[in-house]
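**Student:** Before anything else, here's the structure in question.
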Amino acid sequence: MKDFTPLHQAARLSVAPMMDWTDRHCRYLHRLLSREALLYTEMVTAPALVRGGALHLLEFNPQEHPVALQLGGSDPEELAEAARLGAEAGYDEINLNCGCPSDRVQSGAFGAVLMQTPELVADCVAAMRAAVDAEVTVKCRIGVDEQEPEEVLPDFLEKIRAAGCIRVTIHARKAWLQGLSPKENRDIPPLDYDLVHRMKAAFPDLHISINGGITTLAEAKAHLDRGLDGVMVGRAAYHQPADVLCAADPEIYGTGALSDAGDAVRQMLPYIEARLSEGAKLNQITRHMLGLFAGKPGARQWRRKLSEGACRAGAGPDLVQEALAQVETRAAA
Ligand SMILES: Cc1cc2nc3c(=O)[nH]c(=O)nc-3n(C[C@H](O)[C@H](O)[C@H](O)COP(=O)(O)O)c2cc1C
């Protein structure tokens, strides 16, 4: 890739779309840890937006930019309309989910099952691109079920590229549509990183991000150094956000300084206050903060104080402040 746009730069490191996890509160926290990384929403289905009118699913804080909306769907017209709603809401990118194997998603004929119909994916991409100026991207697997990844993946990439998608994230394992739970489908099918690297060699003009099983910034850097354009991190970024994101700006983007988990907590306090005044519950926000001090002194007390206290009626930012004071006292001891 020669001509990196700012969004392509941001995509050097991204936090994966994760249902129930990467909601707006989670993304706000991640943004405090890295100014640069690209953040993805949870998957929002096109039918929910277009037929259900669930526009509240698109709400986000302007601080979250650069932020990508992930859509689920398989009807080109409906996806085009959903993309339009997303672009209108201000998302920087609209991503199509071709990797999620859950039953609910299969019954709607979208997610990983779309790996079997690349022509339909190309039609979806083309329709979405025609509807919005924001960049349209795809997140996929290397194949599903009995497919032969060496054969189907290049064909899939070829077809979406012809439809105008020039950035793709590849979760480097197959999905089994029957017999494995979504969770098992994130762990059991073996990872094939080399295949993703071979795709970059075969499609040098595509911006390719790799995903799956990457748990440290050092691993992420190694993939970038080997020639990939981006790395997407999911579970590790959620469970140990400080480990993955605090050094991301200087190390991955060569800008800014190390961020600090304690500072991020302090910056969360006014955000928490504002959301609570709108009716949110403390626990809805603090549940994403439990892993902030993972592996550090006081981590267990931090988790316990927040998980036990945040559900209580009237719990507010004071609880978070107290929990932080405990961690910082432990760290200073
Ligand atoms: C709780 C959870 C929810 C997920 N939801 C989505 C989703 O909505 N859309 C999607 O494309 N992938 C989803 N994924 C898959 C992740 O985006 C990612 O591809 C996968 O976890 C592998 O990356 P990792 O090993 O870095 O976690 C989800 C993963 C988890 C753990």
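Note: Cβ is positioned from N, Cα and C throughout, glycine not excepted.
Marked as domain 'DUS-like FMN-binding' by TrEMBL: 15-323. According to TrEMBL, the FMN binding site annotation covers Pro17, Met18, Met19, Gln70, Lys139, His171, Asn211, Gly212, Gly213, Gly234, Arg235. The site 'Interacts with tRNA' annotation in TrEMBL covers Asn97, Lys183, Arg186, Arg300, Arg303. According to TrEMBL, the active site, proton donor annotation covers Cys100.
Walk me through where these features lie, including what they touch and how far apart they are.
**Tutor:** Less than 8 angstroms from the CB of Gly213 (FMN binding site) sit Ala172, Leu191, each of them six or more residues away in the same chain. Classification of Gly213 (FMN binding site) by DSSP places it in coil, neither helical nor stranded.
Reduced to three states, the DSSP call for Asn97 (site 'Interacts with tRNA') is strand.
In this structure, Lys183 (site 'Interacts with tRNA') belongs to neither helix nor strand by DSSP; it is coil. A C-beta separation below 8 Å, combined with a sequence spacing of at least six in one chain, links Lys183 (site 'Interacts with tRNA') to none of the other residues.
Within the same chain, residues at least 6 positions away in sequence whose Cβ sits under 8 Å from that of Arg186 (site 'Interacts with tRNA') are Gly212, Gly234, Arg235.
DSSP assigns Arg300 (site 'Interacts with tRNA') to a helix. Around Arg300 (site 'Interacts with tRNA'), no same-chain residue six or more apart in sequence has its CB under 8 Å from its CB.
Long-range Cβ proximity for Arg303 (site 'Interacts with tRNA'), meaning a same-chain Cβ under 8 A and a gap of 6 or more residues, is found for Leu290, Gly291.
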**Student:** Within 10 Å of its Cβ, which one of these binding-site residues (Lys139, Arg235) has the largest number of other Cβ atoms?
**Tutor:** Lys139
**Student:** Look at the recorded positions Met19, Cys100 and tell me which residue has the greatest number of other C-beta atoms within 10 angstroms of its C-beta.
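**Tutor:** The residue with the most neighbouring Cβ atoms within 10 Å is Cys100.
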**Student:** In whole Å, could you give the widest CA to CA gap in the FMN site formed by Pro17, Met18, Met19, Gln70, Lys139, His171, Asn211, Gly212, Gly213, Gly234, Arg235?
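**Tutor:** Across Pro17, Met18, Met19, Gln70, Lys139, His171, Asn211, Gly212, Gly213, Gly234, Arg235, the two farthest Cα atoms sit 20 Å apart.
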**Student:** Counting across all protein chains shown, how many other Cβ atoms sit within 10 Å of the Cβ of Pro17 (FMN binding site)?
**Tutor:** 26
**Student:** I'd like to know which of the recorded positions listed (Lys183, Asn211, Arg300, Arg303) lie near ligand 1, counting only a CB under 6 Å away.
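**Tutor:** Going through Lys183, Asn211, Arg300, Arg303 in sequence order, those close to ligand 1 turn out to be Asn211.
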**Student:** So if I measure Cβ to Cβ from Asn211 (FMN binding site) and keep only same-chain residues at least 6 apart in sequence, which ones fall under 8 Å?
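**Tutor:** Result: Ala16, Lys139, Thr169, Ile170, His171, Ala172, Val231, Met232, Val233, Gly234.
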